[in-house]
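Inspection log for the structure reproduced underneath, given as C-alpha cells.
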Amino acid sequence: MIKILDSKNKNFDKTLDALLSKRKNKVQLNSVSVIKIIKDVKKNGDKAILKYEKRFNKNSIIAPSIKQINRAIQSLDQKVKKAIDLAYDRIYKFHSLQKFKNISYTDKLKNKLEYKYVPIESVAIYVPGSTASYPSSVLMNAVPAIVAGVKRLVMVNPGQKGKQNPAVLYAAKKCKIKEIYSIGGPSAIAAVAYGTKKIKKVDKIIGPGNSYVAAAKKEVFGDVGIEGMIAGPSEVTIVCDKFSNPEWIASDLIGQAEHDNLAQCILISKDKSIIKKVNYEIINQLKELPRAVIAKNSLLNNGILIYMPSDQKIINTVNKIAPEHLELNTKNYKKVVSKIKNAGSICLGKYAVMAMTDYNVGSNHVLPTNSSARYSSGVSVNEFYKRISYINLSKKGIETLGPSVITLANYEGLVGHAKSVEKRIRRK
C-alpha cells in the first residue's frame with residue numbers, strides 16, 4: 001500500500017524528489033480558485049461569505065450568539081475541560097519563558113538608540129474544523145498572543161451547519177477571545193484580511209489549515225501579516241532503528257495521516273526488518289481507526305517507507321525534506337540530532353511521541369510545512385511582536401557623523417538625503 005524506496009537504487013534521489021514535488025504541487029494547485037473567492041469577498045463582503053458558507057459548510061451563520069456559545073460550552077464533558085485547562089497552563093508556562101528584552105544604547109556622542117518589542121494590536125486565529133475539531137489549535141495560537149500582549153484576538157472556525165465544537169468554544173473562552181466567527185476556508189481569510197460590515201479587519205492572521213487556507217493566506221499577505229511560514233497540511237518524518245517498537249512507530253504515522261488527505265508520512269530506517277514490521281502494523285491498525293479512509297488515502301498518496309543504511313545519508317535526507325515534525329526514534333539519536341538543521345520540531349527518543357507535542361507538552365504545534373522549515377520556525381511569542389527602532393541624535397552626534405553620511409548619500413546619487421543632513425550641520 002505505502003511506497004517503499006531503497007536508497008541504494010540509482011534512481012532513488014530522483015524518485016524521492018518527484019514524490020515530494022508531486023505533493024507540493026497538489027498543495028499549490030488551489031491558488032486560482034482561491035483568488036476568485038478572495039476577490040468576491042472583497043467586493044461583496046458578508047453576502048459572499050454566506051454564499052460560500054452555505055455551499056461548503058451548509059452554514060448560514062457568520063457569528064454565533066453569546067447564548068449559543070454558552071449553551072455549547074455547558075454541554076462539554078468536565079474531563080475535556082480539565083484537559084484543556086492543563087494544556088493551557090503548560091503552553092502558557094513554556095511560552096512565557098520566551099519574553100524578549102528591549103535594548104537601549106547611548107554612545108559616546110550621546111546619541112540614543114533603542115529597539116523595542118511592541119505587541120501587534122489585532123490578530124485573527126484560524127482554527128480548522130471541516131473534518132475534525134481542534135481546541136488545541138486555539139491554545140497554540142492564542143496563548144503566545146496573550147503572552148505578547150495582543151489586545152484584540154479574533155477566532156474564525158468553520159462550524160458544521162452553523163454549530164461550532166464545544167471544546168473549541170471553551171478553549172476560546174479560556175483565552176478570553178470575544179470575537180468568534182463560524183466561518184472557514186479562503187472566504188474567512190479574506191473576511192478578516194479586508195473586513196466586512198460584520199467583521200472588522202485585523203493586522204495579522206495565523207493558524208493552520210488545509211491547502212486552500214494556506215493558499216489564501218499567501219494571497220492576502222502584504223495587505224495583512226501572516227506567520228513567518230505557511231502552516232499547511234501536516235507532515236511527519238520518523239527515523240527508527242532495530243530497537244524501535246514497530247507498533248508504536250506505525251501508530252505515530254497513522255496519527256499524522258488521519259489529519260488530512262494531503263498529510264505526509266515518511267519513515268526512514270537502516271533496518272529492513274523494522275520497515276516490514278511497521279508496514280504490517282499500519283495495515284492492521286487502520287482497521288481500528290474511525291478516520292481510516294482519510295488516513296489510508298494519505299498513506300497511499302503521500303506515505304513513503306525508506307531503507308537507508310547510511311547515517312549521513314539519513315541526515316542529508318531529513319534536512320532535504322525539512323519536515324514539520326521529526327521523530328528520532330533511535331538508540332543513537334544524541335549523535336544525530338545536532339546535525340539536523342531543518343525541522344519544525346524534533347521529538348527525541350522512544351517516549352517523545354509527536355501526539356504529545358500536539359497537546360500539552362508546552363511547545364507549539366503550529367509549525368512550518370512543505371519544506372519551509374529550511375528557513376522558518378513555528379509559532380512563538382515573537383510572532384505577535386513588531387520590533388521598532390527609536391533614534392535620538394544629539395547635536396554633537398549629527399555634526400560628527402553627518403559628513404560621512406553626506407559623502408555616502410552623494411555617492412549613491414541621493415542628493416536630497418545629503419542636503420537634509422547638510423542643513424542641520426551647516427555653520428551660520
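Using N, Cα and C of the backbone, Cβ positions are placed for all residues, glycine too.
For Glu324 (among others), the entry in Swiss-Prot reads active site, proton acceptor, with the evidence type sequence analysis. Cβ contacts within 10 Å of Glu324 (active site, proton acceptor), excluding its own Cβ and spanning all protein chains shown: 31.
If you look up Swiss-Prot, you'll see His325 (among others) marked as active site, proton acceptor. Annotation for His325 (active site, proton acceptor): same-chain Cβ neighbours under 8 Å, separated by at least 6 residues, are Ser234, Glu235, Val236, Thr237, Gln256, Ala343, Gly344, Ser345, Cys347, Met354, Thr357, Leu367.
The secondary structure of Gln256 (substrate binding site), as reduced to three states from DSSP, is helical. If you look up Swiss-Prot, you'll see Ser234, Gln256, His259, His325, Asp358, Glu412, His417 marked as substrate binding site, on the strength of sequence analysis.
Taken from Swiss-Prot, the feature Zn(2+) binding site covers Gln256, His259, Asp358, His417. Long-range C-beta contacts of His417 (substrate binding site), restricted to its own chain and to partners at least six residues apart, with a cutoff below 8 Å, comprise Val405, Ala409.
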Where His325 (active site, proton acceptor) falls in three-state DSSP terms: strand
Listed binding-site residues (Asp358, Glu412), ranked by Cβ neighbours within 10 Å, top entry: Asp358
Cβ-Cβ neighbours of Gln256 (substrate binding site) (radius 10 Å): 29
His259 (substrate binding site) to Glu324 (active site, proton acceptor) - Cα separation in whole Å: 13
Three-class DSSP secondary structure - Glu412 (substrate binding site): coil
Farthest-apart CA atoms of Ser234, Gln256, His259, His325, Asp358, Glu412, His417, residues recorded for substrate, distance in Å: 55
Three-state secondary structure, His417 (substrate binding site) (per DSSP): helix
